[in-house]
Amino acid sequence: MSAPRIGVLALQGDTREHLAALREAGAESMPVRRRGELEAVDGLVIPGGESTTMSHLLKDLDLLEPLRGLLADGLPAYGACAGMILLASEILDAGAGGREALPLRAIDMTVRRNAFGRQVDSFEGDIAFAGLDGPVRAVFIRAPWVERAGDGVEVLARAAGHVVAVAGIEPDA
C-alpha cells in the first residue's frame, strides 16, 4: 500500500511545517496552489492564516468552487485556525465590504472568527484533547471557536469553556 498524498494549501500559514510533519508521519506531501494540484491529492491540510485573505485567494485562483466540490464528495481535510474557519458551514463575524471569509461548508458547524479577542489577547495553554493521553500545548492568536456543532460533528477539545477542535464524522463511519 502506498503512502497517501496529502496536500497543504499553500496560500498562507505554516506550509513548510505542515509538509514536514506529514512527511515525518509517512505521508507523501505536496503544496497545493493550483487546481491540478488540488485534484491530485488524497487529503488536504488548510493551515492557519487570515481567513478573509485565504478566501479571496481561493476565489481569485479558481480554487474555491473546485475545493467545495471535492470536500462535498468526501475529500478528507484538516483545518488549523483559519482552516477550521473555512471548513465551517457558517462563519460569524466573517467580515464585510466584499472581504468576507467564505465558508467551504465541509463541516456542519458555526465558527466565530477572532472569538478569543484581538492580537493583544493571544495566549497559549495546555488543553485536553480527545483520544490523546496527555494535554496538548495550544496557541490561540486571534483564534476562532465553534459556536454550534451539528449532528455528526465530534467535539475534540475545549479551551476557556469553548469548543476549539472538532472532527466531522462520515455518516458511514
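Even glycines carry a Cβ here, placed using N, Cα and C.
Record check: Swiss-Prot places G49, E50, S51, I141, R142 at the L-glutamine site, and the matching candidate among R23, R112, R113 is R113. Here G49 (L-glutamine binding site) comes close to L11, Q12, G13, C81, A82, G83: these same-chain residues lie at least six apart in sequence, with C-beta atoms under 8 angstroms from its C-beta. Sorting the recorded positions C81, I141 by the number of other Cβ atoms within 10 Å puts C81 first.
For S51 (L-glutamine binding site), the count of additional Cβ atoms within 10 Å of its Cβ stands at 30 [all protein chains shown]. The maximum pairwise C-alpha distance among G49, E50, S51, R113, I141, R142, the residues recorded as binding L-glutamine, is 13 Å.
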